[in-house]
């Protein structure tokens, strides 16, 4: 448990202690004394009279309010209500003192009390506030204000996304507490030696770009980023956007798995020269049959050649395997930062990421690279979520995800065997699975993409069908076999993933719909074989409802392909 004074110095940052009485905390410029809640000030702590005319003991104010209530309602009832409120305040005080995610989740009334107490510490919510600047937290719509719990000022200042705003003490505290809770969860998930992190209101791709731009100042000669191939557009474009040339390292096929070619990585470092390599950009979470990079060995190579190492851990927080790879990589070699998505790991709306690392100063440099203030929405979303779940609730979700992975794997294996296909053997991928589509691909050229279209129109989201020979250009770079992470994978396949929040009914419904789609395609293939010698007029006689649905799927094929890309 952190000592109260040191913790408050860290959390409040831009708020200062009273110089004449160091045990007393007063807001900068002493303007927010009246707005500061009794919940967020330690009991019997006064705002110093030397600093402000409003020398009020908030604990005494609270007592006086309840005492006044006793003249209207039975004192016994009021005392009972007072004790009930104190139980909420106790949870909030523990959060502020420890800076860690509570073991058990909070109820909504405690959460809303906490958010309300924070919000009234921002200047836009001061009673009688007079704002004459260009950014005073004015909101035209009351609905918008309520949607954001009246946190209007955002987080950070123009020079640092982690800095405290003098006019937004509540938002600043929200930001600090959120970062502290997220750091606690990352440690709980398996990266025990992580030293610092912050929530950034950008998705994973732009957050990676921010890391690369920070490294630019440290390595002025660097032109290249070494990148073991993963066919996902945003992580590739993050390097292009930062102004660097990606050096694509093709994966090697080991059994069914696509794995990191370590010899090719090291050879490329030697060929280009370490000084001209900005970093190695590795990946943990990915679509099977690709598996997480050999992060430990890459970390050793980076340490040996003094090259930074940035890890794309987009949806890896939910996987103990992915987090273990990062922990081990930092232990045996070098990892400068790892980036993870908020929505994929914490089930919040899209638009936020966590940048974390093992060196405080480098993570602070990244936060200072962010230009201007930032939206507080991602921080608010993940704060509410983690306080609602508690650490026990989040651990339960992680456990359930592992169970769903095993269940999904077993169900896909049974179904694939029924259609003379097989579940690809990818034991190093803890999240994604792949099923071969050889029989579909052999019978008809468009059958594979047709299956994807059928699933999409039947409201199955997230499944990916990967045909052979697909070519796609991304930011001027042509990728053969795009989506398969290699130029020539041996077969077409279907992807499905067991991500956090998945339920048994999701798996069951997916298997049922996939089975129906495969039956329809198989029936169509058999009919084509049977009527190969009959003219087109006779063929139309046998068109049934399933064929009509098939034609509809073909019409919507382009829609599916656009969504999948």
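Cβ atoms here come from the backbone N, Cα and C positions, even for glycine.
Quick look at what TrEMBL lists:
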- 135: pyridoxal 5'-phosphate binding site (BINDING)
- 157, 158, 165, 373: substrate binding site (BINDING)
- 331, 458, 523: tRNA binding site (BINDING)
- 344: N6-(pyridoxal phosphate)lysine (MOD_RES)
Taking every protein chain shown into account, which of the binding-site residues 158, 165 has the largest tally of Cβ atoms within 10 Å of its Cβ? 165
Let me know the most crowded of the recorded positions, choosing from 135, 331, 344, 523 and counting other Cβ atoms within 10 Å. 344
Check: same-chain CB within 8 A of substrate site center, minus 157, 158, 165, 373: 154, 155, 156, 159, 160, 163, 372
When you measure from the Cβ of residue 157 (substrate binding site), which residues in the chain that are at least 6 apart have a Cβ under 8 Å away? 163, 164, 165, 373
If you count, for each of the binding-site residues 373, 458, the other Cβ atoms lying within 10 Å of its Cβ, which residue has the minimum? 458
Using C-alpha atoms only, work out the spacing between residue 331 (tRNA binding site) and residue 135 (pyridoxal 5'-phosphate binding site) and round it to an integer in Å. 45
Pairwise over 331, 458, 523, annotated as binding tRNA, what's the top Cα to Cα distance to the nearest Å? 55
